[in-house]
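Encoded as structure tokens, the structure appears first; notes follow it.
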4 protein chains.
Amino acid sequence: MPLTPEQAAEIDALRATPQPTLRAVAPGAEAHLYTAHPVLDHGFIRMVDYMGDDSAICQAARVSYGKGTKSVSNDEGLIRYLMRHWHSTPFEMCEIKLHVKLPVFVARQWIRHRTANVNEYSARYSILDREFYIPQPDALAAQSTTNNQGRGAVLTGREAERVLEILKSDSDRAYDHYEEMLSEDGQQGLARELARMNLPANIYTQWYWKVDLHNLFHFLRLRADAHAQMEIRVYAEAICKVVADWVPFAYGAFEDYRMGGATLSAKALDCLRRMLAGEAVTQETSGMSKGEWREFEGVIGS
Amino acid sequence: MPLTPEQAAEIDALRATPQPTLRAVAPGAEAHLYTAHPVLDHGFIRMVDYMGDDSAICQAARVSYGKGTKSVSNDEGLIRYLMRHWHSTPFEMCEIKLHVKLPVFVARQWIRHRTANVNEYSARYSILDREFYIPQPDALAAQSTTNNQGRGAVLTGREAERVLEILKSDSDRAYDHYEEMLSEDGQQGLARELARMNLPANIYTQWYWKVDLHNLFHFLRLRADAHAQMEIRVYAEAICKVVADWVPFAYGAFEDYRMGGATLSAKALDCLRRMLAGEAVTQETSGMSKGEWREFEGVIGS
Amino acid sequence: MPLTPEQAAEIDALRATPQPTLRAVAPGAEAHLYTAHPVLDHGFIRMVDYMGDDSAICQAARVSYGKGTKSVSNDEGLIRYLMRHWHSTPFEMCEIKLHVKLPVFVARQWIRHRTANVNEYSARYSILDREFYIPQPDALAAQSTTNNQGRGAVLTGREAERVLEILKSDSDRAYDHYEEMLSEDGQQGLARELARMNLPANIYTQWYWKVDLHNLFHFLRLRADAHAQMEIRVYAEAICKVVADWVPFAYGAFEDYRMGGATLSAKALDCLRRMLAGEAVTQETSGMSKGEWREFEGVIGS
Amino acid sequence: MPLTPEQAAEIDALRATPQPTLRAVAPGAEAHLYTAHPVLDHGFIRMVDYMGDDSAICQAARVSYGKGTKSVSNDEGLIRYLMRHWHSTPFEMCEIKLHVKLPVFVARQWIRHRTANVNEYSARYSILDREFYIPQPDALAAQSTTNNQGRGAVLTGREAERVLEILKSDSDRAYDHYEEMLSEDGQQGLARELARMNLPANIYTQWYWKVDLHNLFHFLRLRADAHAQMEIRVYAEAICKVVADWVPFAYGAFEDYRMGGATLSAKALDCLRRMLAGEAVTQETSGMSKGEWREFEGVIGS
């Protein structure tokens with residue numbers, strides 16, 4: 001259960017008291033506000049605020065392109081046009097603020113996306129809770145034999161048991177020692193900024209994360225991708241559901257042109273044209289390396 | 001009159017229809033929403049959207065600093081503490097979106113602040129209106145004789161008349177020719193992306209500009225400053241009024257610690273300590289250059 | 001001739017005096033250093049400094065991916081792999097600094113790319129030179145009848161003459177008046193920060209522009225594209241030539257995967273698979289709008 | 001010893017082979033290039049590349065301010081002027097690239113500075129080394145009783161011994177288990193991206209970090225400050241020494257105006273003026289809170 005009773009009560013109170021506003025209101029976002037969507041064993045994402053909606057994207061585009069945008073007859077068509085032609089600035093006019101609880105090793109990947117605002121719980125100031133990510137048995141995968149950064153088959157039997165045993169007992173011992181070092185009972189108590197260094201990377205942290213829609217889509221494209229590590233992908237997928245309700249036209253365009261799309265190289269386009277003209281192109285005649293050809297075959301589904 | 005009747009009617013309609021939201025609502029911001037505040041002869045700023053309020057700043061800080069923030073008993077005190085100690089990330093949790101109409105030479109200065117989102121009216125796609133900034137007579141200043149980037153005395157008499165005459169007639173002629181080149185009446189009509197190059201820098205453009213509160217304060221500190229060019233300073237001052245109503249605690253802290261404050265060098269602090277100890281420090285004994293000493297005297301008010 | 005004799009002499013002096021360094025040296029970049037490559041009638045680009053080379057990209061990637069990168073046997077292969085999989089951070093490890101002279105309306109488009117460092121010549125402090133962009137006759141195009149932001153046929157005859165006449169005479173008059181207003185001969189002289197507002201958007205400005213290779217590629221992809229306005233595209237093309245000599249492997253990968261490549265939507269990929277399986281897909285059976293279908297046909301070259 | 005013999009040999013080789021370049025060369029930087037300066041027990045910083053020098057800052061400023069800069073007679077004076085008046089863009093024209101080896105909990109603080117380029121060693125791809133930060137006895141401080149994020153007295157006796165014992169044994173056990181989980185000896189071996197989660201925050205990581213001089217100064221002001229955590233401050237101090245040799249004028253101005261300077265609020269300036277006029281101002285008559293007054297006294301040294 002990721003939320004404390006106090007947090008749950010605070011969310012209930014916030015959700016019970018709508019106030020009037022003159023700003024653009026997105027009904028699909030209002031339905032999610034403050035609600036914590038569970039992710040992994042102790043984590044969650046919850047939308048704390050948002051700015052703008054599908055119309056706000058079009059409004060900004062119409063400032064930019066003036067009468068030029070009138071040739072696109074409706075909001076959905078305009079949004080698809082903007083996404084297709086990489087006009088990113090109108091999407092930057094929407095903003096979302098999320099409260100996220102996540103393991104530290106996931107947070108370290110996440111923060112590499114620099115174009116966002118972050119306030120993280122500070123273990124210099126405060127004491128972290130005893131909450132660690134322990135994978136479900138079906139997430140305990142072996143190192144991939146073909147991909148340096150991927151996972152292979154699920155571990156089984158004694159090996160799987162041993163891994164879980166290690167992760168649990170090391171987490172517990174590290175936290176026991178963290179508390180022992182901090183304790184001021186009969187001793188001075190180590191500074192929090194030092195004691196934290198004993199905690200492993202599967203401990204949970206939390207932060208407020210604010211980002212505009214264009215940069216959020218960039219994050220989601222990389223992190224909701226099948227090649228992303230599962231433990232960050234589940235966060236990206238939970239965010240995708242919220243975004244789909246908040247800005248349905250923009251999210252639909254994102255799914256079609258980014259998530260479901262693919263970028264082909266000049267060489268790949270050349271092969272494609274030859275294949276459509278009836279030629280039987282092989283890796284040897286493609287001009288591509290084996291790796292590129294394998295990826296190309298994946299895209300065209302042969 | 002900066003707004004078209006259509007724009008004025010649209011604003012009235014938007015202001016007449018509040019909707020319920022669960023988000024944080026800032027009453028002081030709601031009072032400004034959509035209203036165009038006139039600036040210069042044809043320009044304006046109007047707040048189109050906002051995210052967060054003073055409480056949102058504190059909420060983010062309390063995530064970061066946890067129990068550590070409890071020693072500051074109230075929101076205003078916490079906000080002043082954050083501002084004083086350059087904790088900028090909580091201020092980044094608020095966001096504002098403005099619609100601004102401004103002369104091109106002002107826009108060129110403004111855009112140098114890169115940490116913001118912008119959608120500008122595009123003269124590649126659309127035709128600009130015949131609106132030019134013509135200074136008021138009391139704004140027609142001579143080049144400063146002491147400051148390379150400043151203004152001196154106000155121009156008078158025939159010189160002032162001649163300047164206004166030039167600005168008006170050159171603007172008008174440039175726009176007449178712009179229209180003539182664009183015209184498709186009996187000719188092909190020059191491409192808009194080319195015709196615009198004939199327009200002078202006092203023509204008005206407009207944009208949507210979205211920025212977080214931390215970066216907005218940075219902009220305001222530089223552009224609401226007495227050394228900023230008057231034509232951008234009046235925009236910064238109009239924004240200051242809106243921000244003061246939106247996030248009154250944060251704005252108050254900004255005024256005290258940034259706008260009204262000053263940064264003193266190590267040398268200046270050393271002089272100050274000697275002066276407080278009774279020594280009569282002069283430029284010669286200060287270790288400062290003449291320019292620095294003059295600025296130092298300005299700060300300590302002697 | 002874009003350079004003053006003083007500038008040309010300075011460049012000759014700088015190019016005559018190599019100094020020893022322990023840093024990575026890119027011979028292809030050294031050959032360009034300081035040399036002004038002319039662009040348009042009075043503009044130029046010249047590389048003033050650079051950091052890193054193809055090897056520096058690989059070095060950074062090998063820090064990130066450790067032994068994982070050993071499976072890629074050589075630098076060119078590794079760079080192509082990084083580009084293909086959107087691993088952008090190693091490309092950020094190279095940096096270039098350019099001195100650019102360009103018309104103001106081009107500068108206004110250019111500056112929309114925010115992830116760069118800029119120092120522009122300031123018309124608040126200093127007086128601009130009498131240099132204006134006047135298009136070559138074959139660049140005087142009509143507004144496109146199909147594309148809101150494009151050009152159509154070249155103007156001819158009296159219409160073309162009239163456009164050139166306007167651009168030249170308005171530029172000259174604006175500059176005469178600029179000088180007249182600034183003049184301190186028998187009058188006070190208007191402040192420079194005000195007088196500049198009379199100058200049209202085809203006047204030349206100049207700046208130092210510093211950007212990392214990843215963000216430069218993003219700029220080049222958009223601005224060296226066939227849909228970019230010709231007056232900025234020629235700058236992008238001149239930069240492309242310099243970059244191709246500086247980091248040949250990275251530039252080759254950029255050409256193949258970005259400039260010459262294309263992004264296909266989920267719908268387009270689905271059509272492609274059907275076409276490769278022998279189905280005769282039309283716009284009506286594609287699920288795409290007319291605009292999308294036309295662009296898709298352009299990509300697959302049918 | 002932070003470097004492997006291979007790394008040391010590589011550094012020696014690189015330092016032995018200067019090559020000619022036409023770029024600006026900073027002799028003070030060349031003397032540091034590639035050399036690893038030890039920090040903490042296993043960490044280091046080493047400069048891997050740099051762009052620009054003090055002259056490059058002035059060159060960029062002279063493009064911006066044209067003849068306006070001629071009133072400042074020399075490079076050092078110009079640089080001090082730019083720093084004093086917050087003209088930050090010329091400092092952005094210099095760039096530095098560092099290779100840093102540092103504990104993960106330090107890296108997590110460091111990465112909050114977003115305006116930089118980073119390539120970190122990836123524990124998804126590769127296996128981390130068995131290197132952990134274990135504080136020196138005199139760095140084992142108790143939690144401060146007055147400052148939520150600070151340190152108090154040094155721990156002694158049995159308490160200090162016990163802390164070191166915990167940190168060492170937990171690190172060792174965590175790494176033993178990390179190796180055990182990864183092992184493919186008689187088992188499949190857990191994926192690296194999962195096994196890493198067992199490692200504590202005092203393990204060392206490494207990265208390439210590239211930043212411009214303006215943003216580096218911002219980082220150094222916060223992290224070389226007396227209030228920064230000691231474990232990051234020692235990195236900032238090591239970088240300060242390198243920067244002082246690379247751009248001595250800029251670093252001198254930074255020391256005087258930023259590191260050694262102080263920002264005073266409007267209220268503080270008012271008190272100061274009253275004190276200089278002979279009034280005996282106390283906290284009660286200052287208008288400041290107790291916290292502000294205490295900090296003000298610290299600045300004016302009374």
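Glycine is no exception: its Cβ is also placed from the backbone N, Cα and C atoms.
Over all protein chains present, the Cβ of A:R223 (active site, involved in ionization of N3 of dUMP, leading to its activation) has 22 other Cβ atoms lying within 10 Å. The annotation active site, involved in ionization of N3 of dUMP, leading to its activation is assigned in TrEMBL to A:R223.
For A:T89, A:R112, A:H113, A:R114, A:E120, A:D212, A:L213, A:H214, A:H218, the entry in TrEMBL reads FAD binding site. In the three-state DSSP reading, A:L213 (FAD binding site) counts as helix.
Annotated dUMP binding site per TrEMBL: A:Q109, A:W110, A:I111, A:R112, A:E120, A:Y121, A:S122, A:A123, A:R124, A:R196, A:R223, in sequence order. In the three-state DSSP reading, A:I111 (dUMP binding site) counts as coil. Taking the Cβ of A:I111 (dUMP binding site) as reference, residues of its chain lying under 8 Å away and at least six apart in sequence are, in sequence order, A:V118.
Proximity to chain D, defined as a CB-CB distance below 8 A, holds for A:S122 out of the binding-site residues A:H113, A:S122, A:H218. In the three-state DSSP scheme, A:E120 (FAD binding site) falls into the strand class. Closest in space to A:Q109 (dUMP binding site), of the recorded positions given as A:T89, A:E120, A:L213, A:R223, is A:R223, taking the CA atom of each residue. On a Cα basis, A:R124 (dUMP binding site) lies 23 Å away from A:H113 (FAD binding site). Separating the Cα atoms of A:T89 (FAD binding site) and A:S122 (dUMP binding site) is a whole-number distance of 33 Å.
Around A:E120 (FAD binding site), the same-chain residues at least 6 positions away in sequence with a Cβ under 8 Å from its Cβ are A:A107, A:T205, A:Q206, A:W207.
When other Cβ atoms within 10 Å of the Cβ of A:S122 (dUMP binding site) are tallied across all protein chains shown, the result is 21. Among the recorded positions listed (A:L213, A:H218, A:R223), A:R223 has its Cα nearest to the Cα of A:R124 (dUMP binding site).
Those binding-site residues from A:T89, A:S122, A:H218 lying by chain B, with Cβ under 8 Å from one of its Cβ atoms, are A:T89, A:S122.
Spanning the listed FAD site, residues A:T89, A:R112, A:H113, A:R114, A:E120, A:D212, A:L213, A:H214, A:H218 have a farthest Cα to Cα distance of 27 Å.
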